[in-house]
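K.L.:
Per TrEMBL, the feature region 'Disordered' maps to A:1-34. Under the heading transmembrane segment, TrEMBL lists A:53-72, A:129-155, A:167-189, A:201-220, A:251-271, A:308-327. Per TrEMBL, the feature domain 'ABC transmembrane type-1' maps to A:125-327.
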Amino acid sequence: MSVSPVDPATLAEAEAEAETRTGGDRPGTAGRFVGRSPGQLARARLRRDRTGLVSGGMLVFFVLVALAVPLIEWAYGIGPREQFQSRLDGFGMPLGYAGGVTGEHWFGLEPGLGRDIFIRLVHGLRTSLFIAVAAAVITAAIGVVLGTVAGYLGGWLDAVVNWVTDLTLAMPFLIIALALIPTLALRFYGQRDEVPAGFQIGVLIAIFALFGWTSTARLVRGQVIALREREFVDAARASGAGLGHMLFRQLLPNLWAPILVSFSLAVPAYITSEAALSFIGVGLTDATPSFGRMIYRSLDYLQTDPAYVFFPGITIFALVFAFNLFGDALRDALDPKSSR
Amino acid sequence: MDSPQAAPSGPPAVGPAVPGQRVDDEPYLRVDDLRVRFATADGVVRAVDGVSFTVRRGRTLGIVGESGSGKSVTSLAVLGLHDPRRSTVSGTITLGGRQLVGLPEKQVRRLRGRDVAMIFQDPLSALHPYYTVGRQIAEAYRVHHPRVGRRAARARAVELLDRVGIPQPARRHDQYPHEFSGGMRQRAMIAMALVNDPALVIADEPTTALDVTVQAQILDLLADLQAEFRTAIVLITHDLGVVAQVADDVLVMYAGRVVERGSVAQVLRRPQHPYTWGLLSSVPSLHGDADADLVPIPGNPPSLIHLPSGCAFHPRCRYADRTGDRARTQVPQLGPAGADGHLVACHLPPDARTRLAAGSPSERRMP
Amino acid sequence: MSVVEPLLRVRGLTKHFPVRTGFRSAGLVRAVDGLDFEVRPGETLGLVGESGCGKTTTGRMLVRLLEPTAGTIEFAGRDITHARRRALRPLRQDLQIIFQDPYASLNPRHTVGRIVAMPLQVNGIDPPGGVKQRVRELLELVGLNPEHYNRYPHEFSGGQRQRIGIARALALRPKLIVADEPVSALDVSIQAQVVNLLRDLQRDLGLAFVFIAHDLAVVRHFCQRVAVMYLGRIVEIGDRDDIYRSPRHPYTRALLSAIPDVGTLGPAGRIRLTGEVPTPLDPPSGCRFRTRCPKAREVCAREEPALVVHDGGRQATACHFPETGPLTLSRADAVGPGGAAVVGVADAAPPGDGADRVDGNAGEVAR
């Protein structure tokens, strides 16, 4: 193949275009011929979005705090189960202003038991984030696998996946969670035994995973069906590509956008669900610090010690809000045509 | 600059050729220095930049250009369909004596559909899927004839469906768009456009989505209807063959500007602009030597955000260096090119252009 | 026909799509119904017809994207009609496809280098000099800057994207390429660039092509042999010059005369077909074209005409009453694709070939 019917004018034009593009957009950066991938473009759009930037910054902060819990505990010098009865008055209410906020106890103390709210909040943040992220990862994985396979292969497999999806959606989440969680605990640990925190967390993640995969599966299936009709898929098939190449090389790179968006919107949903389950008493117990338990306990003191409900309330609100805003910003950046 | 009286010297054209029919001397549509700009995240898009033309009743103007040349944006401006929040439209558009640009939306809406109607490329997306075709046509009629009753409107819709050649119009009246074939849908769209006897019809690529045998039927239908109703037609297309068949006058657009304008015979037979030469030589033909290579225009159409300096066509023009620096530095203005009413925007000296135009394609190709 | 063994031999190729309404089968769409044709090495066969004639389905069956319902496809002497993926692998390298839509046919998340290298990667081929070197060669071969290796499809124009698709099809050094409307989504000037590129590649690399198109003018410039399809059947097949000069099937004649030609100003005396293509769900009995044919008689409804060479013709025609004599398209004032080439003498130009020859050295431009 030595003969090359190159049109010099086309070449020259393409080069001129390359110059105007790189020159026009961001002068001087990246080599002359380094293109910008769709991912890079999305990142650039995200950087221009102020809401996305602020909410993203907040998320990074929350995640860093959750990761640094042992470090914080060491620096703060107080454990989540330490009780400071000496700082409570005769009625079990914390001494001082705003629920006992001092230089030593930044967010004050719990009425009754006298535990430090700040360190419990930090621990609760870690528990909640861990449960939510783990559940979101598992649901995304299940959803992506089932959605891709069902969408790409179609036929009876698609019918089965669809049927199971419909079945799962028809099951009432709250009722099953209420029934299942205590039953499981009873089955494995009996009436008397202390149920370990790891078991409770595991059960919560499993329950979320059981119910949460349907939306991702449906989303991915729809995307795959749309992609399947695109000619680049045919081009790969015409070259003899196997199933693995089709799914992982051709389809998956085009699915990252919806997967990321649904992931970033699933996490806050799980955070609130976990809080709700812990609140009604089927999630975590008091031994494991969590948002739901803290808010549940604080409700008794809404009148007498409003600061107690304020800190966990504002944190969970900020966390969920930041996640939702970031998810929206991510969607705008990844798929600029969807909005506006 | 403009000379609407200049009757083109071409062969008898579709509309006014009908014997005994009077042709208005006053153009029905007059567009002067039309500019349309869109603000986007990447910069300002000059979609249309100083476009002027006129159309008389009973005549067809073909607007030719490639994608991004501004031909569709021009037609949407005439209909007042640009969103004022995202675009700026300036210049004057006079429709039957009324100035359109700057008119309140309410009054523009009253003109739209009654005095000027539009035929789109894709009738399926232009027709509403949940209403019967007949109902949509009748609805379009009643909007501008509020005192007409349901029954009369229905009769009018059936009449129009019959007129555009749809068999069994009364039965077809009650069918939905998806029950129509592509060609029938386009006929229904034409019926809807004509229901209020508009003086001007804008057809944006009306036959591009159709097969050639059906396209031929639709073009014949448009010509028939024009002869009957003396409609002024603005036909937007990329297909020079369609223009040759139905247009009286031609406007060639490139990167938002008019590069050449004249009667169909002038533009297609004695083209004066290098871009028009390029278009004509790149169209494969049914005649001539089939083994010869086509002569394409090198390069790609420019981005409307970063337009080349001077003449927007100069990076693709084979003769740009014959004008010295002017092609790169000055925007060429539309000026007379020999024959009466034939205008061209090119820096090439008239005698050089005539020599090139008269020469063989091979000579034109080698500067 | 020839002593050369055909590269591709198709016998009785058929594709029926079942239509279901709910659980019940509501019939069959007879998209392709018994095709016979051959392609010799280095030959270009044009497959033309209107939408719904089955040309795209045929192309997809040839590269085994669709499973044929009946018939055989023989490639280089081997029956590949129902070959499995693994058995097909060595043949994949010889048989590639180019798609219509330059936007949908490239994976938006892959770099150009990855797209072009995909067939090599999938087939585990490591060319001498490495994959990267091969991709650079390919990009250069199709007229793209080899340094654009790391760019993404969205950074290219439609014409450039189509070149990327062509480079991908060439990666395995195929012997036959199925090109499914490769230029119909492109602007006129870009279309000519791509047609010239394909012609050069075909000549230089000795490729055979099955060129699927609805535009008969483009097919005339690219193909040595032409097959005209109507409703899932070939109605006429033969050498290009025979088909275009003296078509014998009434459908071929109507199709050719329906194309609006730049060279013919004003409405031409055309053969007008009435109606549209019937649904392939329930094709007419006997000759499928009879419902629109001006010459249809009683026998046409009863007997299906065979695709045979009739007296006085060289091409095979499936018609009971084939036409004779050359097709005269009204072109008293025709000009060639050179456009202005015959200024002044246009009206005196004889209807022969000489008047509108495009200069032979047009190839220069593309080199």
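Placement of Cβ uses the backbone N, Cα and C atoms for every residue, glycine included.
Could you give the neighbours, burial and distances for every feature on this list?
P.N.:
With a threshold of 8 Å between CB atoms, the same-chain residues lying at least 6 positions outside the transmembrane segment (A:53-72) that come near it are 46-47, 119, 122-123, 125-126, 129-130, 318-319, 321-323, 325-326, 329.
For the transmembrane segment (A:167-189), the list of distant contacts is 195, 199-200, 203-204, 207, 210-211, 213-214, 277, 280, 282-283: same-chain residues at least six beyond its ends, Cβ to Cβ under 8 Å.
Within the chain carrying the transmembrane segment (A:201-220), a Cβ under 8 angstroms from the stretch's Cβ atoms is held by residues 127, 130-131, 134-136, 138-140, 142-144, 146-148, 150-151, 161, 165, 168-169, 171, 173, 176-177, 180-181, 184-185, 255, 258-259, 262, 266, 269-270, 273-274, 277, 283-284, 288, all 6 or more beyond its ends.
Within its own chain, the transmembrane segment (A:251-271) has Cβ neighbours under 8 Å at 39, 42, 128-129, 131-133, 135-137, 139-140, 143-144, 148, 152, 208, 212, 215-216, 219-220, 223-224, 227, 233, 291, 316, 319-320, 323-324, 326-327, 330-331, 334-335, counting only residues six or more beyond its boundaries.
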